[in-house]
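Engineer: This is the structure I want to talk about, given as structure tokens.
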């Protein structure tokens with residue numbers, strides 16, 4: 001890792017609970033659910049609005065950029081927060097509200113780290129904007145780098161008003177993900193890569209992903225277990241032993257984050273403390 005990037009990464013790990021296990025039960029973050037639209041379909045993904053499920057792609061309600069600013073202000077009064085982020089329930093980069101929010105948040109909360117999660121499809125097109133907005137970290141979900149595997153994970157990709165299917169869809173997505181990671185790293189933005197471990201499909205392949213994203217400039221990886229849903233509802237959940245084995249192999253290549261709680265798009269609070277980790281109600285209190 002080049003010296004400058006190493007310095008930035010060290011700074012992030014001192015403040016971001018999703019980059020440092022030691023902070024996971026001490027420091028909070030706020031996810032603002034302002035990004036409902038998505039431009040790809042992962043076969044394991046089901047987006048929803050509800051108060052019950054604790055998983056990515058779910059929120060109690062959607063917010064505008066202005067709503068999100070007020071929400072962050074309120075949460076900051078209640079608990080120690082070091083990070084504000086956009087993690088869905090769709091893709092952060094596929095929603096202009098994301099950019100509007102970060103423009104306002106940069107002025108309103110200059111002390112907070114700014115992060116987002118993305119499938120990476122639009123990264124090559126929008127990396128410069130992210131750098132201009134002062135985004136500190138971007139998490140990119142990369143589930144394959146081999147087309148034979150990748151085409152089985154994604155149903156379709158919509159890029160520049162064209163719909164792609166099958167292998168072509170994966171090739172467009174993968175090319176943009178890897179190019180996007182390079183562009184972010186070149187612009188001083190720290191990249192974490194999430195990979196969903198899908199037993200029998202990509203479990204033996206995640207080490208290859210690690211090698212490729214490390215080469216492109218990623219600083220950290222997070223291997224998360226498949227939640228069997230959607231078109232992958234009949235796949236088995238990975239066992240703890242499977243996850244640990246893959247993490248150990250990947251850790252020989254790139255640092256691995258091991259405390260991910262696979263949180264909701266509207267999660268706020270301290271992720272490592274169940275009683276201090278919250279999410280939005282479907283009806284805001286101000287409604288009553």
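Yeah, the Cβs are placed from backbone N, Cα and C, and that goes for glycine too.
Quick paste from TrEMBL:
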BINDING   18, 115  [4Fe-4S] cluster 1 binding site
DOMAIN    24-264  domain 'Radical SAM core'
BINDING   38, 42, 45  [4Fe-4S] cluster 2 binding site
BINDING   260, 263  [4Fe-4S] cluster 3 binding site
Engineer: So among 38, 42, 45, all listed as binding-site residues, which is physically nearest to residue 263 ([4Fe-4S] cluster 3 binding site)? Use the C-alpha atoms.
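Structural biologist: With Cα distances computed to residue 263 ([4Fe-4S] cluster 3 binding site), the winner among 38, 42, 45 is 45.
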Engineer: For the recorded [4Fe-4S] cluster 2 site formed by 38, 42, 45, name the remaining residues of the chain with Cβ within 8 Å of the site's Cβ center, in chain order.
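Structural biologist: Filtered neighbour residues, in order: 40, 41, 44, 47, 57, 90, 91, 119.
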Engineer: Between 42, 115, 260, 263, which of the binding-site residues has the fewest other CB atoms within 10 angstroms in the structure shown?
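Structural biologist: Each of the binding-site residues 42, 115, 260, 263 was scored by Cβ atoms within 10 Å; lowest is 260.
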Engineer: Do you know which of the binding-site residues 38, 45 has the most other C-beta atoms within 10 angstroms of its C-beta?
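Structural biologist: Answer returned by the neighbour count: 45.
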Engineer: I'm trying to understand the geometry here, so how far is the Cα atom of residue 260 ([4Fe-4S] cluster 3 binding site) from the Cα atom of residue 45 ([4Fe-4S] cluster 2 binding site), in Å to the nearest whole number?
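Structural biologist: Counting only the Cα atoms, the answer is 18 Å.
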Engineer: How many whole Å apart are the CA atoms of residue 115 ([4Fe-4S] cluster 1 binding site) and residue 45 ([4Fe-4S] cluster 2 binding site)?
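Structural biologist: Distance between the two Cα atoms comes out at 21 Å.
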Engineer: Quick one: what's DSSP say for residue 115 ([4Fe-4S] cluster 1 binding site), helix, strand or coil?
Structural biologist: strand
